[in-house]
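K.L.:
What follows is a structure written as structure tokens; I'll ask about it next.
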There are 2 protein chains.
Amino acid sequence: SVNPDLASERQTASFSVEKLTVLLDGGTEQTRIRRAVVEAIESDPVFSRENQYFQTQNERYEAAVRKAVHLQKKMHEMGWTENGPEYKYIYRALSGDVAFLLHQVFMRSISVLGSDKQIAKWIPLATQHKLIGSYAQTELGHGTYLQGLETTAVFDTATQEFILNTPKISAMKWWPGDMGRSATHTVVFAQLYIHGKCYGIHPFIVQIRSLQDHSLCPGITAGDIGPKMNFEHIDNGYLLLKNVRIPRENMLSKFCEVRPDGTYVMQGSQKINYFTMTTVRISLISDEVLTPLMKACTIAVRYSAVRRQSKLKPGEQEAKILDYQTQQEKLLPQLAAAYAFHFTNGYLQELFNRGYREIQRKNFDMLPELHALSSGFKAVITQHCTAGVEICLRACGGHGYSLLSGLPSLYTKILASCIYEGENTILLLQTARFLIKCFMAANTGQPVPPSVTYLAAVKHRKCPAKNKLDFLSPDIYTEAYQHVAVRLTSSTAAKLQDLIQSGVKKHDAWNQCTVQLVQAAKAHCHYIAVKNFAETVEKLETKAGIQKIMKHLCDLFALHGIFSNTGAFLHDGYISAAQMDMVTASYLDLLAVIRKDAVPLVDAFDFTDKSLNSALGSYDGQVYQRLYEWAQKSPTNQMSPAYEKYLKPLLHNTLSKL
Amino acid sequence: SVNPDLASERQTASFSVEKLTVLLDGGTEQTRIRRAVVEAIESDPVFSRENQYFQTQNERYEAAVRKAVHLQKKMHEMGWTENGPEYKYIYRALSGDVAFLLHQVFMRSISVLGSDKQIAKWIPLATQHKLIGSYAQTELGHGTYLQGLETTAVFDTATQEFILNTPKISAMKWWPGDMGRSATHTVVFAQLYIHGKCYGIHPFIVQIRSLQDHSLCPGITAGDIGPKMNFEHIDNGYLLLKNVRIPRENMLSKFCEVRPDGTYVMQGSQKINYFTMTTVRISLISDEVLTPLMKACTIAVRYSAVRRQSKLKPGEQEAKILDYQTQQEKLLPQLAAAYAFHFTNGYLQELFNRGYREIQRKNFDMLPELHALSSGFKAVITQHCTAGVEICLRACGGHGYSLLSGLPSLYTKILASCIYEGENTILLLQTARFLIKCFMAANTGQPVPPSVTYLAAVKHRKCPAKNKLDFLSPDIYTEAYQHVAVRLTSSTAAKLQDLIQSGVKKHDAWNQCTVQLVQAAKAHCHYIAVKNFAETVEKLETKAGIQKIMKHLCDLFALHGIFSNTGAFLHDGYISAAQMDMVTASYLDLLAVIRKDAVPLVDAFDFTDKSLNSALGSYDGQVYQRLYEWAQKSPTNQMSPAYEKYLKPLLHNTLSKL
């Protein structure tokens, strides 16, 4: 039975929830396939996530391996293939709770970096799981700055082998997933030396564990790096190499080869590689970043519709916490952001598909823009969504703090996305470097990529809004965002030039501008996200109330951004104080409007109870029953393990020497 | 051996670290006592926190009980008493990792709410640990709003007993610490009914477990609420009461008594109670909020001085990440906030001591102000410090994400402080209610408490700063903060009145202003914190470089607040765009200045390696060795538990049916 406080929220939806779900999926056929995959996975007890919050790191790891192995069988049974339409929904249906993800990366790196001969040898072995692969790049002392990696691979012409070593502790490989306990092979990135000369970082296939009994190979020290804030199910590992010899054929050699005599030969272009890196950053947005935020919103909004606390009106029943303006101000902007970035993700995917087609035609012109967008949006979206999940957690008070709410795990997992695949600050500075370069080019009349042509365009000097309703016009707020992005880019470019002209060295000048460069990069991405949301809404069909509610969310996303960062818009008077008061008024009005549809808006994300795995967020809103039922299953609900040894002697006053 | 990259940071300190430590402690004698307590605790293996990051919830709980029991013995041995000068350092030295904290609350509530007779009966039993107490207030469905509690206590004149019941699932007690598995008794808050009439919430002593064998008493269902984001060592519990009968004498009756015939008698004043609640909020700031931020700063700053990443200048060694402006901008404002709030805490303590003296003289005039300040500062400081710890964690990249860094535990623990002892948003609205009331009063010429007299004073309409150095003048920035606090309070008061005058009902109008009321309350607290820091610096002795470095931190704290919230200062033109550029310039300059003393500034917090319990933050900066050594101790470093069952059949291609 559905909690009546939740049921009543659904009766007044202003739009068709099912139609919105289909829109998010990209079509009815996609919705059908997704639901079929979810149903198949969730009805299979091997994939169960029940009791997950009670498990140790060891238990979580074992379950993830079990699921990965079972998944092979399941795919075979269901007729799902890696190129089929179902594939992309599997990981989501498993909530990412599965091992051997690095095995995929191992295979991809061989496909991309290996010669045809290497691909022919290794890919079938990997596909049939005759080995388990990993990917060993990061070291204890080196992450983002790849040139700094210290692992060495010295070519020995006498034996036609590479000799791999970890010269010092900071060179130890650290973090590779699946490597701590599962992998038999890995791709090691190391500095290549031939006849004493360093040729930089190259990838080598190294066997680390016996295929017979899984014992470590000679010269290999490897293990698990221990507990992390989340990802208990993954055996992130360390690897120490001592005079490990591998055949010459194990250096991945699509782009560079070492001949038997030690001659180093470069071949082809590595630009495609550069592109691969940028696509990874985009590909993680959907499953690793948007899904957790959507889940957190679902949990927090449903809970806020059934939790009653204090009285809003004297003499009445206690109010739903969703009726408090402060609660709306916490949750609804996160909901708007989830929708906004869902559409941003679509925009980026489309752009990257176009880029890929161009690259296949050997046209690499789009690469710098794609790199800047993927870096900037990876940073902005992960940052925004991580903050959003934390807000949802805190908005649920004490119950949000219980692991059983599901929110702590969502938070501790999404937090990692701010760090992996490029630390966010460094990525934003990559975007900023592109912006500054394009700004300079645009202002000297040179052509620039489409996403940054606005940097040269002359626009209004003042926002033309006359009343609060004007701020519900996408033209008005999109231009305001554009104005701020241009202002921050141009003022930072000017500061940079001033410093250099005053004699500061270029790299010092750059460092002294980085705080402001980061602001400019964020403003650029925020502008594009707002613009894209507004354009998407414009194109939606007007039926079934979908366009109307999406327009509200777009307005909220835009106005929340202004309200939370008023200084950027007030600084040069583009928005006046009086206009900012209009923004605030419109923003607060919108909260009350969207609040009415809050539950239908999270229902449209279409998460099953099993995928939410939350005592607070289930479809029926039976929060207290579920918390109590789940708590009773906790392994801490046995007689106190401290009783005989400590409590009893204390209470019976028989503690020795007290 | 100390990492040379860290050692070099200490050689150039501009001030005496020892003198600053003494300043923080409040005198050389305090420093001496604190160090003696830390030494005694840390040299005792029973209190060890080694391997803590590898333990399960059950193991953590058992260790906490063991430590609590052992602490009794230790205090006896060392001659420490609850009224001695050592007492306040014990909890800090244990990093809070100890059971029976609620036993203290149990005792305090009896002392404050019990009659002399009740105190005489229960306090000796509790002191001698002939029982273990807890405190059962919060319910599954009710937290902050105490009047909403649903547990009932019906007086039965026939038997002279109260009959306690949990009428529905939302009335189940939920969260009380020490209650899940340890406590034998608890203070239950329940609605008192006599002859069918409800008299509101009252406290009752209820036995829940047998003193003989620890089994649950008749009518009692109790257990542990399961895993949380932190506090694994505490057995937060649930409690369900079914016709539990307790004698009439078990209602704590200092302020109200039920006579044998059912007559309800009020006596004395409950105002002192109200004061107790506010002091709890202040008392948690030091150990639960400031200490974690100081630890996080210590870990992150030391790590940033030894971690090298990428090249700042071409051709040179990779740079310390502390040399990047963006890293400084993450960490140094957190360091400044730790110092700022340390001094705020001193200010609040002093104010509360004064308030206590007044109250003992039956003068309750200071209560509203103390309540407003304790609520507002509890919220502002917990929020600020929680965000600060998260920034420190993220600033350490991947290694910050490892539990071995210590940062995840600091974060997941401090996060709870935003929720417990009053949810922050609700507390800020309490402060705002006081501000609005005082603003109205002040503007009609009525007297108001000292901390809010500024609301009526007429000040500059424009900031008088002429160049960036002017923004290093405390008068300039303190007045800017004051101006913003007045503006936000007065504009929200005006909005509130407008709404009411336009016919909106009072409670609706209040709700429609709450987002802005929260802003006003924060601005008020921020102003007081800046003002107090500046005044504290003014009074410091000028010797040994202490005043100079504290002045820098005060400036940074103030300017960071403006830089992060420019809109509030730009809104009405109090600070102009040109002046804001000066703020930015001064702020960024300060980062480079304070960076030179960053390591000495965290050294002054004087944490031992054991209390930090961090592979990244130790005094010697041997980060990589420690990460590797600790990881090897992880229970995940055994042969894969999935090998025989899953990996071997997969690799040997003997999985059935594949």
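Note that Cβ sites are derived from N, Cα and C of the backbone, with glycine treated the same way.
Keep in mind that TrEMBL annotations are predicted by a computer and have not been checked by a curator.
Per TrEMBL, active site, proton acceptor is recorded for A:Glu421. Look at TrEMBL and you will find A:Thr138, A:Gly177 tagged as FAD binding site. Marked as domain 'Acyl-coenzyme A oxidase N-terminal' by TrEMBL: A:16-132. Feature annotation from TrEMBL assigns domain 'Acyl-CoA oxidase C-alpha1' to A:274-436. Among the features that TrEMBL reports, domain 'Acyl-CoA oxidase C-terminal' is placed at A:474-651.
Quick one: how deep are these features, and who are their neighbours?
P.N.:
Mapped onto three states, the DSSP output places A:Glu421 (active site, proton acceptor) in coil.
The Cβ of A:Gly177 (FAD binding site) lies under 8 Å from the Cβ of A:Leu101, A:Leu102, A:Ser134, A:Tyr135, A:Phe231, A:Ile234, A:Asp235, A:Asn236, A:Gly237, each on the same chain and at least six residues away in sequence.
Taken through DSSP, the domain 'Acyl-coenzyme A oxidase N-terminal' (A:16-132) splits into 84 helix, 0 strand, 33 coil.
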K.L.:
Would you kindly determine which recorded positions in the set A:Thr138, A:Gly177, A:Glu421 have their Cβ under 8 angstroms from any Cβ of chain B, listing them in sequence order or replying 'none'?
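P.N.:
So the ones by chain B are A:Thr138.
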K.L.:
Any idea what the model's mean pLDDT is for the domain 'Acyl-CoA oxidase C-alpha1' (A:274-436)?
P.N.:
95
K.L.:
So for A:Glu421 (active site, proton acceptor), how many other CB atoms are inside 10 Å of its CB?
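P.N.:
Around the Cβ of A:Glu421 (active site, proton acceptor), 20 other Cβ atoms lie within 10 Å.
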K.L.:
Might you list, by sequence position, any residue in that chain lying six or more from A:Thr138 (FAD binding site) with a Cβ less than 8 Å away from its Cβ?
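P.N.:
Same-chain residues close to A:Thr138 (FAD binding site) (Cβ under 8 Å, separated by 6 or more) are A:Lys173, A:Trp174, A:Trp175, A:Pro176.
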